[in-house]
Each structure stands twice: as structure tokens, then as C-alpha cells.
Amino acid sequence: MTTTKTMLVAFVLTLFFVISSVHCSDGTSGYGITEATKRCFTPAPCTRGLFYCQTFCSSLSAVLIGVCESGICCCILNQ
């Protein structure tokens, strides 16, 4: 009886250890579901020129690139 309880406890602890050590990826293959790669703002940053639009986008995040499209500043995710 004692051996059975010991084996059961050892099995459960081993199972918990194995489950906790498994690393799962939350990424998806292909394009998948990702955050928006482009966000456009009011034309105010582009009225000062492309450099100001780029500065505006990089101030939001270091991975964004600013582009003026039809006078509207769009921040694009740098991939």
C-alpha cells in the first residue's frame, strides 16, 4: 500500500514537472492573426514634411516607420 502511494506521488510530481517544462509558442505560421501593421493619423504631421511624420511615428514606437500617403501620416510596422 505504501509503495502504491509513493509511486502515485512520484508519478504526479513527474507529470507536473514535465507539463511545466513544455514551452509553447503563441505565434502563428504564415500571416496569421497579428496586430495591425499600418495605422494612419490626421494630416497634421505631414504638413510639416516627411521627416516630422517619421519622427512622430518613431516617438510612438521604435519599430514604426512614418510615411506620408496622400497628405496623411501613416505609421507602418517595420518588419
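Glycine is treated like the rest: Cβ placed from N, Cα and C.
According to Swiss-Prot, the cysteine that forms a disulfide bond with Cys46, out of Cys24, Cys57, Cys68, is Cys68.
Per Swiss-Prot, Cys73 makes its disulfide bond with Cys53 among Cys40, Cys53, Cys57. For Cys75 (disulfide bond) paired with Cys46 (disulfide bond), the C-alpha to C-alpha distance reads 12 Å.
The 10 Å shell around the Cβ of Cys40 (disulfide bond) contains 13 further Cβ atoms across the protein chains shown.
In space, Cys53 is the closest of the disulfide-bonded residues Cys40, Cys53, Cys57, Cys74 to Cys46 (disulfide bond), judged by Cα positions. Within the set of disulfide-bonded residues (Cys57, Cys74), the lowest number of other Cβ atoms found within 10 Å of a Cβ is recorded at Cys74.
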